[in-house]
């Protein structure tokens, strides 16, 4: 038995990660600063090289935020509007299809479809958006509708979750973003997003999606009113789901963008975490998930390009999407822009010392640069 957690070596961390992931106690020690952070980051990088190699992937995609009107009032969200706000909007299904076609013509392989919960929406509206996308851009991958939106669709349709997901899949839904997870801690959720679905509901919807052959991502939004213990509990739950279903394609840590978030502006949350903690969260995710969730994404929109490059040397192997509009982070106060050209993201990866690879949503290689 070790006298001190800091006695764990880089090789031990790497071996544990590759063999299935470090235990939660070691992960918590790392996030609480009880382990040398540089040792943790080095181990995460070496584990990443063993698990997925030195390529850094990205997807050419377009975000389509089809409405900013929402019945929920999440206290971190600066994107939502009331129906009578002057800048409230809702796209028609035809407009959504046109944006998908524009994205395809610009070289995108994916559209990411998410929006607020509009009080006048119907389930048919959600189906029609999928129909229009597949009509106007039949080959594009539709990565859409978070578990919160799926729950809302079930309410609108008066159907159970499984039937709704089957209908969405038939209409063209290819995969789902694992957003709306935020932080699973019930105490934090009550303060952060009291209107949002509970963690058990999120897990239930995700598990059914995986059973139906709809792969999803998984996420964690951190740095607001949470703690490292909350982060580990969150990741532990995700690991349990992945052990059962294998349906997660990637884990995306989402650093809290505080500037315009209502909870921060009212003095109820801290302004995110330090850059070092951002990098450590990605490193610990790599070591904790090991080969179980092989892809750890660094969100350049949330972190900024330079910090995202740092995470590539600390466990992350993916930079996400080129985006072509990303309204939610922008409204929250993110300053890194709404899109990158593929050539820009390729250069960012090369500058960090890696081989860029364009991928599909499901991590199939499209082009090695």
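Numbering starts at 1 and runs along the chain as it is shown here.
Even glycines carry a Cβ here, placed using N, Cα and C.
Counting every protein chain shown, the Cβ of residue 70 ([4Fe-4S] cluster binding site) has 22 other Cβ atoms within 10 Å. Residues or ranges marked as [4Fe-4S] cluster binding site by Swiss-Prot on the basis of sequence analysis: 70, 74, 77.
Annotation source Swiss-Prot lists domain 'Radical SAM core' at 56-292.
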Residues close to [4Fe-4S] cluster site centre defined by 70, 74, 77, Cβ within 8 Å: 72, 73, 76, 79, 80, 116, 193, 195
For residue 74 ([4Fe-4S] cluster binding site), the number of other Cβ atoms found within 10 Å of its own Cβ: 22
DSSP three-state assignment (helix, strand or coil) for residue 70 ([4Fe-4S] cluster binding site): coil
